[in-house]
Amino acid sequence: MSAKIVVGYDGSEASNRALEFAVERAREEGGSIVVAHVLEWSAYSFLTPSELEERHKRRNEELARAKEALMDPVVAKLADSGVTVETAIKYGHIANTLSDICKDGASQIVIGRDGDNNLGARIFGSVAGSLAQTAPVPCTIVP
Amino acid sequence: MFRNLTYAASAAAGLALTSAPAMAQTLDEKVNEMFANSTGWFVNFIFSPFPGTTFPWIVMWLVVAATVFTVYFGFIQFRAFAHSISLVKGDYSDPNDAGEVSHFQALATALSGTVGLGNIAGVAVAVGIGGPGATFWMILAGLMGMASKFTECTLGVKYRNEYEDGTVSGGPMYYLTKGFAERGVPGGKILAVMFSIFCILGAFGGGNMFQANQAHAQISGVVGDYPGWITGIVFAGVVFAVIVGGLKSIAKVTEKVVPFMGVMYVLAALVILLMNADKIGWAFGQIFNGAFTGAGVAGGMVGALIQGFKRAAFSNEAGVGSAAIAHSAVRTKEPITEGFVSLLEPFIDTVVICTMTALVIIITGQLLQDPNTGLYMLDEGGATIQTIDGNKGVALTSAAFSSAFGWFKYVLAIAVILFAFSTMISWSYYGLKAWTYLFGEGHTKELVFKVIFCIFVVIGAAANLGPVIDFSDAAIFAMAVVNIFGLYFLMPIVKAELESYLSRLKSGEIKKYV
């Protein structure tokens with residue numbers, strides 16, 4: 001069975017390290033990778049009436065921007081890596097949504113961390129921290 | 001919401017008068033006189049009572065409509081209540097639609113337009129005149145109003161315009177035009193134009209000037225008297241930054257703080273009720289007793305009924321058509337689902353929040369009773385019930401809450417200001433939608449409306465324009481005349497949607513995602 005590795009990707013250096021790591025594993029195991037980008041979103045947030053009206057339009061714009069600025073370059077870069085690359089752009093809570101993407105037949109998930117030990121992360125937790133605890137598949141955190 | 005609350009407004013009027021410079025006073029008077037002369041007939045017509053009674057026909061129009069929809073849809077507000085909550089929780093939302101407008105967001109936005117001064121000051125006026133019994137009729141009318149919201153918001157989504165760029169526009173003007181055309185009934189366009197005109201006038205007045213005026217009254221009540229135009233300029237500046245400048249941050253803060261304030265208000269009320277737990281039974285006794293006997297209030301049982309019905313109708317806007325505009329942006333394949341969600345709005349606004357205000361006023365013993373007869377004591381005019389410190393309107397609510405927590409009056413003042421602000425933002429949108437319906441969409445046309453809107457904020461805060469506000473209140477209820485008239489013609493369409501949806505829900509074709 002060929003392994004499918006999900007990589008959390010946001011264009012940051014840390015996520016690029018995670019991507020490299022995942023590509024290497026996938027090449028060794030003859031697997032594929034899913035480059036996943038999650039746009040932070042809550043269905044329980046509050047918007048003004050004019051934001052509601054434009055939401056669908058903005059969403060399309062955001063998706064297009066994420067595809068152009070993040071996904072297309074990655075796909076181009078990995079075109080001759082010898083690994084099959086899929087992409088996923090989703091809305092939602094970042095850790096939960098990445099977990100949901102894994103449920104679609106992934107064998108493991110790889111994410112990067114920036115190693116910051118800042119106050120925000122201490123109080124609210126980090127994506128890497130939550131995934132380490134909640135991911136439905138083995139989770140590799142690349143420093 | 002907005003409706004001119006006799007006492008709150010006259011208190012504000014007093015403040016505005018003393019604070020306005022002498023010249024502005026005469027200008028106020030001129031404008032007032034001119035306006036009263038030319039529009040008085042319209043105001044009198046809308047708020048005129050049935051002959052020989054004090055019951056305004058417009059209130060009856062709203063309550064009768066709510067009852068008709070309740071019966072026609074088989075008490076949908078009770079049958080679908082649990083399903084409505086599931087929809088708001090997102091149980092039936094496709095995860096692939098994440099990032100689109102959720103049911104919760106549409107409901108929260110619509111609520112921030114209705115929850116406001118009416119829930120705080122209006123209820124105090126109603127209980128102050130109609131006694132505790134008014135609460136019973138208010139709750140009943142609130143429950144009925146849920147069916148009106150259900151009807152109008154379903155139609156709002158069903159007949160909205162979806163443009164190529166992905167934006168949407170919806171509301172009564174669209175369902176009146178398209179729905180009437182679909183049913184082959186003439187006159188939809190005329191109704192839509194009338195609705196739009198009333199909506200613009202209502203947006204400038206009740207949705208704007210009245211709010212600015214009351215916000216100023218609140219601020220000067222806390223920090224001391226100062227000229228209203230200062231409040232007006234500040235408010236107008238902030239409104240301008242949000243609706244013209246697209247400054248999302250302010251709107252975001254408000255939209256987050258307002259629900260928080262609402263929740264805090266209800267929690268504070270619950271704590272006060274718990275502190276007086278021994279009197280809860282007595283309070284409900286007063287409510288039921290008062291509802292059917294009047295317990296000595298002016299006008300007896302009918303007096304209590306009028307006040308309760310009036311308050312509910314004026315507070316939750318059910319049947320006015322404004323909510324149909326706010327709800328129409330939701331992302332759903334089934335228009336009826338937004339109808340289900342919207343029926344929670346009068347429930348939260350009237351049955352929960354308004355009732356809390358009433359209970360706190362009753363249970364903290366603000367209304368004075370004759371110790372011998374148990375009847376309420378009326379003040380010298382014989383129209384209102386005597387209160388501990390002679391408080392009326394928002395001051396009565398403030399006194400009731402402050403009797404438990406002394407600092408609560410400051411929280412209340414902030415809440416009133418924020419509610420006023422969020423109501424203004426909502427109504428600027430409702431007015432804009434009506435404006436673009438009449439004049440077409442376009443940057444300059446929209447800018448013209450927004451600038452006029454901001455100018456009216458300053459006028460509303462600075463001046464005492466009673467007749468102008470009366471007129472715009474009348475315009476808001478004129479929206480209901482046009483809207484409900486249309487709803488009667490269109491309700492079979494909603495019924496067909498409802499039956500189709502319920503049968504698919506039963507057969508399992510529509511299922512939960514979680």
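Glycine is treated like the rest: Cβ placed from N, Cα and C.
All annotation found in TrEMBL is predicted automatically rather than curated by experts.
Pulled from TrEMBL:
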type	residues	note
SIGNAL	B:1-24	signal peptide
TRANSMEM	B:55-75	transmembrane segment
TRANSMEM	B:188-206	transmembrane segment
TRANSMEM	B:226-245	transmembrane segment
TRANSMEM	B:257-275	transmembrane segment
TRANSMEM	B:287-306	transmembrane segment
TRANSMEM	B:347-368	transmembrane segment
TRANSMEM	B:407-427	transmembrane segment
TRANSMEM	B:447-469	transmembrane segment
TRANSMEM	B:475-494	transmembrane segment
Long-range environment of the transmembrane segment (B:407-427) - Cβ separation under 8 angstroms, sequence gap at least 6: 1-2, 109-110, 112-117, 119-121, 202-203, 206-208, 211-212, 214-215, 218-219, 221-222, 235, 238-239, 242-243, 251, 254-255, 257-258, 261, 264-265, 268, 322, 326, 394, 397-398, 401, 457
Touch test for the transmembrane segment (B:226-245) and the transmembrane segment (B:447-469), at least 3 Cβ pairs under 8 Å: yes
Cβ-Cβ under 8 Å with the transmembrane segment (B:188-206): same-chain residues at least 6 beyond its ends: 1-4, 172-174, 176-181, 321-322, 427-428, 430-435, 437-438, 449, 452-453, 456, 468-469, 471-473, 475-476, 478-479, 482-483, 485-486
Stretch-level contact, the transmembrane segment (B:55-75) and the transmembrane segment (B:447-469), CB cutoff 8 A, at least 3 pairs: no
Top Cβ-contact partner of the transmembrane segment (B:257-275) among B:287-306, B:347-368, B:447-469, B:475-494 (pairs under 8 Å): B:347-368
For the transmembrane segment (B:287-306), sequence-distant contacts whose Cβ falls under 8 Å of one of its Cβ atoms, 6 or more beyond its ends: 53-55, 59, 129-137, 358, 362, 370, 373-378, 382-385
